[in-house]
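Visitor: Feature annotation from TrEMBL assigns L-histidine binding site to GLU83, PHE84, THR85, ARG113, GLN127, GLU131, ARG259, TYR263, TYR264. The annotation domain 'Aminoacyl-transfer RNA synthetases class-II family profile' is assigned in TrEMBL to 1-330.
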Amino acid sequence: MSKGPQRIRGTQDIWGEEADRFQAVVAAFERVRRLYGFQRIEMPAFEATAVFSRSIGETTDVVSKEMYTFEDRGGDSLTLRPEFTAGICRAFLSEGWQQLAPLKVATHGSVFRYERPQKGRYRQFHQLDAEILGADSPAADVELLVFADQLLNELGITDGVTLQLNTLGDAETRDAWRSALVAHFESHRDDLSEDSLARLDKNPLRILDSKDPRDRPAADSAPDIDAYLTDQARAFFDKVTAGLDAAGVAWTRNARLVRGLDYYRHTAFEFVTDRLGAQGTVLAGGRYDGLVEALGGPHTPAVGWAAGIERLAMLAGAPAPNTIDVALVPMGDAAEMAAIGLLAQLRRAGIAADMGYKGNMKKRMQRANASGARQAIILGDDELARGEAALKDLESGAQQSVPLSGLVEAVRRQ
Ligand code: ATP
Ligand code: MG
C-alpha cells in the first residue's frame with residue numbers, strides 16, 4: 001500500500017462494475033420517479049445541527065451517536081446530513097414550498113453517519129429519497145409504496161424481499177398503546193437489556209424491535225397496537241392495505257415494526273431482504289405527520305421513504321457492461337488526425353466511439369475487440385489518400401470500404 005494519503009474509514013471509492021451498478025440504481029430511480037410524477041430536487045449536504053436534532057430526535061441512535069457535527073469558521077454548529085427528510089422539511093418551511101402542497105419530491109445523494117463500517121454499512125453512503133408533503137390521504141402512502149415496489153422490480157430485486165407493514169395509529173391510539181407497553185415492560189423489568197431499560201421512559205416502542213436476544217421474550221409477548229386502534233386509525237390502515245391489494249403489491253403485517261418518535265403516525269414500512277445478513281433493510285419509510293411541526297412549522301401531514309443505494313446495488317442484477325458502439329483504429333500520423341475529426345463527428349451524431357492511440361496494428365485491433373464495440377473503423381494513410389476507410393464488423397469479421405463522407409451513416413445503418 002502506498003505511503004500517500006489513504007481513504008478515510010467508512011468512505012468508498014466506487015469504480016468499475018460497482019460504479020455501473022450504482023448508476024443503474026440511480027437511473028432506474030430517475031425513470032420511475034418521473035412515472036409517478038415526483039419532482040427532482042437537490043438539497044444541501046449540511047444543515048444547522050438543530051434541523052436534525054429537533055426533527056430526528058435526541059433519543060435516536062442517529063442523533064445521539066452517529067452525526068458528523070462540527071463548528072464552522074463562523075462558530076455555527078453544522079451537521080452533515082444523516083438523511084434527507086429533515087432538510088426537506090426545513091426547506092418546505094424556509095423556501096415557501098408550503099404553497100405547493102401536496103408536493104411530491106425525490107432526490108438522491110450522499111449521507112453521513114458515524115457508524116462501525118462493515119459490508120453494506122458505511123460512514124458516507126448514498127440514499128434515494130422520495131417524500132410527499134402536505135398530503136393526509138392514505139392514497140399518498142399507497143403511491144409511495146407502489147413506487148418503491150416498482151423500483152425494486154425494475155432493478156430485478158424481487159427474490160427474498162418482503163414489504164413489511166405496520167400502523168402506529170393516530171395520536172390517541174399511540175398514547176393508549178404506549179401506556180400499555182410501558183405497563184407491560186415495567187412488569188418485565190428484570191428481563192430487559194440495559195439499553196431497553198433506558199428506553200423504557202423515553203422511547204418504549206423501540207424495545208419492540210430490539211435486536212438484543214434478552215429483550216425478545218418481553219418484546220414478543222407485548223400487546224399489539226390492534227386493540228388500541230381508534231376507528232379512524234383502523235380505517236386509515238385498511239385503506240392503505242386495500243390500496244396495495246388493488247395495485248397488486250404484496251405485503252405482510254409486522255406488528256413489531258415501529259418508529260420511536262412521537263410524530264410518526266399511521267403507516268410504517270420496510271422492504272426487507274434475507275440476502276444481506278444484518279444489513280437486511282433496503283428501503284424504509286413511513287408517515288411523519290408531526291415532523292414539520294417539530295421544526296416550528298404548521299401541522300403538515302407527510303409520508304416518505306429512503307433506500308440505501310449501495311444495498312440496492314448489491315442486490316440488483318449485473319448491469320449491461322459499459323461499451324462503445326464503434327472503435328477507431330488509425331494507422332499513421334495523417335490517419336490519426338483524420339480520426340480525431342471523425343471521432344468528433346460520430347460522437348456528435350450520438351454514436352459512442354473511442355480510439356486506441358498506441359501500439360502496432362495488432363495491438364490496436366485487440367483493443368478494439370476488447371472495447372465491446374460491434375464495429376471498427378480502420379484508417380490507414382493509403383485509404384485516407386483515396387478518401388476512404390475500412391468499416392469492419394467485429395462479430396462477423398466482414399470488412400468493406402466506405403467513403404469518409406458516408407461513414408457516420410454507414411455506422412448507423414449497421
Ligand atoms: P439500519 O437498521 O441498517 O441501521 P436505519 O434504520 O438506520 O438502518 P434508515 O435511517 O431508515 O436506516 O435509512 C434508510 C436506508 O439507508 C436503510 O434501509 C439502508 O438501506 C440504508 N442505510 C442506513 N444506514 C446505512 C449505512 N451506514 N451504510 C449504508 N446504507 C445504510
Ligand atoms: Mg442505522
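Backbone N, Cα and C define each Cβ position, glycine as well.
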Visitor: Where does GLN127 (L-histidine binding site) sit by DSSP, helix, strand or coil?
Guide: strand
Visitor: Find the average pLDDT over the domain 'Aminoacyl-transfer RNA synthetases class-II family profile' (1-330) in the predicted model and report it.
Guide: 93
Visitor: For THR85 (L-histidine binding site), just give me the three-state DSSP call.
Guide: helix
Visitor: List those of the binding-site residues THR85, ARG259, TYR264 whose Cβ lies under 6 Å from any atom of ligand 1, in sequence order, or write none if there are none.
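Guide: Near the molecule: none at all.
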Visitor: For the L-histidine binding site, please report the maximum Cα-Cα distance among GLU83, PHE84, THR85, ARG113, GLN127, GLU131, ARG259, TYR263, TYR264 in Å.
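Guide: Across GLU83, PHE84, THR85, ARG113, GLN127, GLU131, ARG259, TYR263, TYR264, the widest Cα separation comes out at 22 Å.
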Visitor: Give the sequence-ordered list of residues that share a chain with GLU83 (L-histidine binding site), lie 6 or more positions from it, and have CB atoms under 8 Å from its CB.
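Guide: Residues satisfying the criterion: PHE52, ILE56, VAL62, VAL111, GLN127, ASP129, ALA306.
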Visitor: In the three-state scheme derived from DSSP, which category covers ARG259 (L-histidine binding site)?
Guide: coil
Visitor: Within 10 Å of the Cβ of TYR264 (L-histidine binding site), how many other Cβ atoms are there?
Guide: 21
Visitor: Far apart in sequence but close in space: which same-chain residues, 6 or more away, have a Cβ under 8 Å from THR85 (L-histidine binding site)?
Guide: SER55, ASP129, GLU131, TYR288, LEU291, GLY304, ALA306
